[in-house]
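Participant: The following feature annotations were taken from TrEMBL:
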DOMAIN    120-410  domain 'NADH:quinone oxidoreductase/Mrp antiporter transmembrane'
TRANSMEM  37-55  transmembrane segment
TRANSMEM  103-120  transmembrane segment
TRANSMEM  126-143  transmembrane segment
TRANSMEM  155-176  transmembrane segment
TRANSMEM  196-220  transmembrane segment
TRANSMEM  232-252  transmembrane segment
TRANSMEM  264-284  transmembrane segment
TRANSMEM  291-313  transmembrane segment
TRANSMEM  319-341  transmembrane segment
TRANSMEM  361-383  transmembrane segment
TRANSMEM  395-416  transmembrane segment
TRANSMEM  441-461  transmembrane segment
Amino acid sequence: MRLADLISLIPYLLLATGGLTLLMMGIGPKRVSTRRLTNVALVFLLLGAATTLLWEAPREVGGLLVADSISRLFTPFFMLSATAIVMLSTSYEPLRGEVREEYLSLILFATLGMILLVSSHNLVNAFIGLEILAIPLYALIAWRPERDGAIEGGVKYAILAGFSVAFFLYGVALIYAATGTLDLAALGAEPTSKHLLPVAVTLILVGIGFKLALVPFHMWAPDIYQAAPSPITALFASIAKAAALVFLIRLLCLQLPHIWEVLLPLLWGLALISMVAGNLLALHQQNLKRLLAYSSIAHLGYILVALAAGNSLGQDAAFYYAVAYTAMNLGVFAVVAALALPDHDRENLKDYQGLGRRYPIVGFTMGICLLALAGLPPTAGFMAKLLAFGAAIEAGHIMLAVIAGINTAFAFFYYLRIIMVFYSDKTTDINATPPAQGTHAVLIIVSLFVIGLGIFPEWLLESIKMP
């Protein structure tokens with residue numbers, strides 16, 4: 001392996017070293033302060049992001065990882081998002097005193113899995129990244145097991161994740177049988193069996209569909225969103241899903257002329273039922289975290305609308321939507337974490353009455369991110385939907401674009417309902433703890449990013465051009 005290849009591995013090595021360092025810090029006889037542990041985690045995450053941004057890596061690294069424009073965008077993006085989640089965790093009231101070395105190391109290991117997944121040049125490497133991402137989440141969901149539903153949520157996610165891995169691996173095995181290779185770049189070659197390859201990619205799509213909570217693989221999402229601590233919900237609702245989504249886009253956007261016509265009805269169906277079911281289930285939901293779970297299902301349906309277009313605009317729209325989706329969801333769950341009570345999250349919408357007025361920065365972030373989720377200008381959500389629906393129209397899928405537009409209008413009502421609750425004249429009688437300065441910093445940065453990405457989308461669209 002060349003020296004340049006070794007240098008390219010520095011972001012991965014930094015995350016692995018950071019996770020192990022945090023675990024070693026917990027072994028000594030003297031208890032290390034939470035502030036010091038947090039600083040160590042932040043240093044490794046920020047160093048990893050800076051290394052990726054400053055170092056021009058080779059096109060391929062050891063034949064297993066690819067350092068293209070997509071990985072160079074999402075690797076630092078995931079690390080910076082994980083930095084925000086660490087900052088949210090340290091000021092999250094229900095985890096006060098519980099954010100220790102194990103918790104922080106699991107976040108670093110999960111982030112390592114994400115960047116491996118989005119940089120994978122090989123299906124086996126993608127599987128390893130997927131598992132490095134998933135295993136820490138089992139423990140993080142069930143953190144503080146005395147919480148209601150914590151153990152149940154962790155076990156439920158572990159069992160369903162096991163099923164998804166089975167589908168994924170079966171698909172990988174069939175791809176090898178059909179093509180004789182596990183290299184992603186070689187999948188566009190003429191397969192030895194034209195019947196096996198569509199089945200194989202469909203099985204992988206089902207496996208990733210569980211991770212993304214696409215309908216009908218969504219049954220775990222509302223319970224897990226509710227059971228997990230809010231910073232961890234932010235992690236797997238934003239960057240963890242985005243990592244799986246980027247891998248799926250990579251897979252489906254390769255030159256696969258042999259199977260695209262076979263996959264198109266499946267993508268249509270998944271997009272349609274995810275949009276409709278997600279919005280219908282969210283409409284009458286009173287629990288905010290469960291409502292946001294159903295909302296995220298609908299948004300993944302919108303992303304599939306872009307993918308189903310099968311053109312270059314659809315590819316760009318899907319990647320752009322992945323970034324916007326991550327930022328919007330990170331923002332809303334950061335607000336939920338910021339307003340948590342000392343021993344639990346606020347459950348119902350009525351518990352948030354008037355808190356947007358009481359805490360202007362919190363209310364501003366929630367308003368901006370909800371308007372972005374609703375697809376209103378000048379936010380990133382508006383541009384994401386415009387690109388996705390435009391790609392569908394360009395490909396001739398006018399009916400799918402119309403249905404997506406109707407769903408967007410339909411979803412606006414429950415997003416507006418949340419905003420009205422936050423800015424209600426009636427203030428909830430539950431005492432709220434003012435958000436910490438670190439949380440305020442996260443909220444402001446996310447809000448500005450969501451607005452800036454909507455006003456100036458060109459820089460991102462240029463960065464995500466498929467090579």
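The backbone N, Cα and C atoms fix where each Cβ goes, and this holds for glycine too.
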Participant: Any residues 6+ beyond the ends of the transmembrane segment (126-143) with a Cβ under 8 Å from its own?
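Facilitator: Contacts of the transmembrane segment (126-143) (Cβ under 8 Å, skipping residues fewer than 6 from its ends): 95, 98, 102-103, 106-107, 109-110, 112-120, 150-151, 153-155, 157-158, 161, 165, 168-169, 172, 184, 211, 224, 227-229, 232, 235-236, 240, 243-244, 247.
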Participant: Sort out the residues at least 6 away from either end of the transmembrane segment (264-284), same chain, that have Cβ-Cβ distances under 8 Å to it, and list them.
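Facilitator: 202, 205, 209, 214-216, 218, 252, 291, 294-302, 304-305, 307-308, 310, 397, 400, 403-404, 407, 410-411, 413-414.
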Participant: Cβ under 8 Å to the transmembrane segment (103-120), counting only same-chain residues 6 or more beyond its ends: which ones?
Facilitator: 11-12, 15-16, 18-20, 22-23, 37-38, 40-41, 44-45, 61, 64-67, 70-71, 74-75, 78-79, 82, 85-86, 89, 95, 126, 128-137, 139-140, 143, 184, 235, 239-240, 242-244, 246-247, 250
Participant: Between the transmembrane segment (232-252) and the stretches 196-220, 291-313, 361-383, work out which stretch tops the count of Cβ pairs under 8 Å.
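Facilitator: Stretch with the highest Cβ contact count: 196-220.
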Participant: Quick check: do the transmembrane segment (395-416) and the transmembrane segment (441-461) share at least 3 Cβ pairs under 8 Å, counting only pairs 6+ apart in sequence?
Facilitator: no
Participant: Take the C-beta pairs under 8 A between the transmembrane segment (319-341) and each of 196-220, 291-313, 441-461. Which stretch has the highest count?
Facilitator: 441-461
Participant: List, by number or range, the same-chain residues at least 6 past the transmembrane segment (441-461) whose CB is under 8 A from its CB atoms?
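Facilitator: Long-range Cβ neighbours of the transmembrane segment (441-461): 73, 84, 87-88, 316, 320, 323-324, 327-328, 330-331, 334-335, 338, 361-362, 364-365, 368-369, 372, 377-383, 435.
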